[in-house]
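Structure record follows, encoded as structure tokens.
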Amino acid sequence: MSKSHLFTSESVSEGHPDKVADQISDAILDAILAQDPRGRVAAETLITTGLIVLAGEITTTAVVDYADVARQTVRRIGYNSSDMGFDWASCAVVQTLDKQSPDIAQGVDEGAGLDLDQGAGDQGLMFGFACDETDVLMPTPIYFAHRLTERQAMVRKDGRLPWLRPDAKSQVTVRYEDDRPVAIDTVVLSTQHAPDISHADLVEAVREEIIKPVLPPEMIHKDTKYLINPTGRFVIGGPVGDCGLTGRKIIVDTYGGQGSHGGGAFSGKDPSKVDRSSSYAGRYVAKNIVAAGLARRCEVQVAYAIGVSQPVSLMVDTFGTGVIDDDRIAALVQEHFDLRPKGIIQMLDLLRPIYAKTAAYGHFGREEPEFTWERTDKAAVLRDAAGLR
């Protein structure tokens, strides 16, 4: 008898206030890296009615107009009118930015501190995950949740649904049988809108223009449930509806609740922060393990101590799907991947202004040319090393 269960993941649009904050923080990071690839950045953003607050620690030689970077990010997202409740041109921007602590810097700088190699920017544990449910080796629920919010932004910006506004959320519930995705059980999509669109017209348009083009027909069945703006009205949204903060959508950013999470956010952090760079490396490792056919499902944990270059631990878990022992796969990882902070930065070419694009619709499962952690260029090497033919 087959074993059945439901699993749900959510996504939020680029206009969700927490994602606006993430995008501002990563736009600041990109502006610095474009001039100073070795800049140290921990940029935090708060956004609320009529106000953006920029805080954090930044050490750089770059000259950046942080307020303008924040405003232009909000403009690109689409909050361009007081009628929406937030206007990029008239909002206030408050800055309180300090330099990185020299005590932290000496542990990170190569040639300084007790470990003369580049050390980790903090202690912590990070996870990477991959599975063979989709072509991009991501879990099905989060993959389609992201595609729905991406589609909402597309049809808003290209004028097909001009009454849409930037804030939106999606949620996809998938039915699994014997741990394989077989059907979509429930779709939730809530989108901000202009006040003059009726609920009935909105529901029809969202279903036809956003949901149907995204979800595969073979996963839809007669009992699939669609909950579109289930409160009935979503006019007040964005930073007016909720205060946004950097780093509050860490499950949306990763695997939608499948796999584990070490707790560290990504946006606004330069790659010397292992919260970000090691999570990207973990995805790179896990994806190559699955792409190599060593497992159908794989989670990698790596942990660090501040100022120390070598990881303090490495764990591989294939959830019983591995074709060789997990310990053997972990040994192959140590042999073929350099998981020191400096090694990760070089391996994935992370000292580039590539991060604003990561800050909405997921850091993983998007095969953009800049997303080097999505490559599967180690798969053949791993397969050969494992003795698979």
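Placement of Cβ uses the backbone N, Cα and C atoms for every residue, glycine included.
Feature region 'Flexible loop', per Swiss-Prot, maps to range 100-110 of the set 100-110, 254-264. Glu57 is the residue from Glu44, Glu57, Glu150, Glu204 that Swiss-Prot records in the L-methionine site together with Gln100, Asp242, Lys273. Mean pLDDT for the region 'Flexible loop' (100-110) in the predicted structure: 62. Looking only at the binding-site residues His16, Asp18, Asp242, Lys273, the densest Cβ neighbourhood within 10 Å occurs at His16. Cα separation, Lys249 (ATP binding site) to Glu57 (L-methionine binding site), rounded: 21 Å. Inclusion criterion for the binding-site residues Glu44, Glu57, Gln100, Asp242: a C-alpha placed within 10 angstroms of the C-alpha of Asp18 (Mg(2+) binding site); this criterion is met by Asp242.
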